[in-house]
Amino acid sequence: MPSNSSPRRAAVIGSNRIPFGKAGGAYANATNLDMLGAALSGLVARFQLQGERMGDVAGGAVLKHSRDFNMTREAVLGSALSPQTPAFDVQRACGTSLETVTAIANKIALGQIDSGIAAGVDSTSDAPIVVSDRLRRTLIKLSRAKTLPDRLKLVASIRPGDLAPVAPDVAEPRTGLSMGEHQALTTLKWKITREAQDEIALASHKNLAQAYDDGLFDDLITPYRGLVRDESLRSDTSAEKLAKLKPVFGRGLGEGVATMTAGNSTPLSDGAATVLLGTDEWAAERGLPVLAHMVDAEAAAVDFVRGEEGLLMGGAYAVPRLLHRNKLVLADFDFIEIHEAFASTVLTTTAAWADEKFMVSKVGLPPLGKLNPAALNVAGSSLAAGHPFGATGARIVGTLASLLSRAKQSRPDGGPVRGLISVCAAGGQAVAMILEAA
Amino acid sequence: MSTRREQILPEVPSLTSLYGQAVARSARLMVRRPGPIVARLPEISYRVDDVRVDRAQLAAYQHLLGEAGTDTLPAGYVHVLGFPVAVAVMAREDFPLPLMGMVHVANQVQQRHPVHADDVLTVRAWAQNLRAHRSGTQVDLVTEVGQADGLDVLWRGVSSYLAKGKPLKGLALVESADGARPARADGRDADAPLPAVTASWRLGASTGRRYADVSGDRNPIHLSGLSAKLFGFKRAIAHGMYTASRALATVGPARPDAFVWDVEFLKPVLLPGQVAINLTPAEGATSYLGWDPRSQAVHFAGSVRPLP
């Protein structure tokens, strides 16, 4: 059943996140649970939810320690929400908290719950380090060994190499290539220039700094551990400074073709974000505003393993399908939020949307037309804010809902004000979403 | 007491050096008996301004005690911040009781307003209410923590200590006239059967060292069996405030922004060891009790209730 004919749409009532930190920075001592708890406590305080039994809370992290299997429920128990609030964990790589928003919004739309919180978090500073598979298997056998000789034999079988800790990395398990190396291939294929990428990066920093100065985040962020703004934000960066950086990805692809630098690639980050959702009635009963409604969402995945498509090109499939289903085109959107995994992800995705041959042959839908650059990431995105994997979707939903509400207020009779979100994710996936101002 | 003189200390003193001084003083007293000890408390209160939170220490504290990792200071962490100032009062030459021989018997904290990790704090501490007890002499150390720029006290702690032995001369015995025992801090009668186990703590041998790391309280009785034996304990004992603070963390966000957190320490928790815990909620308050599951002896009892 298409969601635009469903009986009710979930309302985005508000959001709260902590400023995003740089890996090893302000949140070096914070765990995923700490940050999720801090963002959640800020949301509870902002919307007076103390003692409230929410319908459900969905959260998740990408780099997650196995002891945190019930992370979101633990965060709820550590918050002032009613301890009778249930919670569950979700993981869809960088699309995690766009997926938690979808899950909570769907439950609301179906009438199963009338309020909920969607969240996401990630820490690269406190990443779970695991032991090698050989050591792990030996330790499991050791715990089951009954006799001393058996135990000694097992201990003796441990080799020095087994003791090396294994840290998670961002390489795709099936290709061994990092995300950056994958995107370097896509960048080259779509002939994206260094200048165009640096332009996206510069706009991200300028727009985010401007949004802070305009007070957009006053109601969206709770300072944490001394941080009041995103740690990666460089309001003083310039095209010249960005142009000086040396490429870090795609250096093996040929002389002079590497264009992706630390400046136009997202930094590793720590942070958490939350979104408060509910029915219009639930919000009205508590005197809370409704900023926007969740209209529809779509997930997509591509075959990057056999090189049929670029790893981070899922948005080129998810968005056209989502728009087609809702009978919308790019021109119908006032705001377009494309997660900046890399500046070039934004450029390859939008290039694909406009490319007739690609759209017809690969997606099977007509091209979406050219994107209005003035609608793109107007309050900055992941290049400037940072990208704690699990938190990015919720950051974008929170920011976009506020932007939509502000735009609607400035032209109350001007028809629908819509926003589009596209977030690419590991495993060749992507999640897209439409929000509409209330 | 208005006669109390205020003395400003340049910084929060180091507990380790205060303990060092106290041990040296005890040793001196063993060699050279002093004249009769005057049963009078020093008429002084210590004050330290510009006290700031070490965020790494706060995070380590929150992780160890199971508190949420927010920027609001757990009430037990505020105790950790102010405790050395109170110890400095007890370490004075004119303090009538020996610091190293005192037992923490009860603690009451009033958390009047939340304290934020960015707050610049002023800590005040003094001793009061010196009194005789049937097994020695008891004294209260009061610590108040407020924002540097305001007079309002955010947090007030009263720690009661007992110096075992013959009570100092000239002190009134503070006990009810009819000899009836006062109610235990969890509100239950001491003879009442133990309640159901709602949690179980397995405390490893390193529990004292781990709390010492996050609190700075390296009193030798908590660090190892050997160092505890020097002070007359069979094994290392858990910090009383570790057990009370962990109980507070278990009560968790059910506590309101302003609350009273009480604890009575009845029998030390020997390390390593297991503690049976009961939490019972009642009308906005939660009482807690910790006991030895084998001997059934109660280690501590307390409650967390809204500030009246």
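For all residues, glycine too, the Cβ spot is worked out from N, Cα and C.
Remember, TrEMBL labels are computer predictions, not curated facts.
Note that the coordinates shown come from a computational prediction; the quantities given were computed from them, not determined experimentally.
Residues or ranges marked as domain 'Thiolase N-terminal' in TrEMBL: A:11-278.
For A:Cys94, the entry in TrEMBL reads active site, acyl-thioester intermediate. Neighbour list (A:Cys94 (active site, acyl-thioester intermediate), Cβ cut-off 8 Å, at least 6 residues apart, same chain): A:Val62, A:His339, A:Ala341, A:His387, A:Phe389, A:Gly390, A:Thr392, A:Gly393, A:Val423, A:Cys424, A:Ala425, A:Ala426.
When pLDDT values are averaged over the domain 'Thiolase C-terminal' (A:290-436), the model yields 96. For A:290-436, the entry in TrEMBL reads domain 'Thiolase C-terminal'.
Sequence annotations record features per position, and here TrEMBL assigns active site, proton acceptor to A:His387 (among others). Counting every protein chain shown, 26 other Cβ atoms lie within 10 Å of the Cβ of A:His387 (active site, proton acceptor). Taken residue by residue with DSSP, A:His387 (active site, proton acceptor) is part of a strand.
Under the heading active site, proton acceptor, TrEMBL lists A:Cys424 (among others). Cβ-based neighbour count (10 Å, all protein chains) for A:Cys424 (active site, proton acceptor) stands at 33.
With DSSP states grouped into helix (H, G, I), strand (E, B) and coil, the domain 'Thiolase C-terminal' (A:290-436) comes out at 66 helix, 33 strand, 48 coil.
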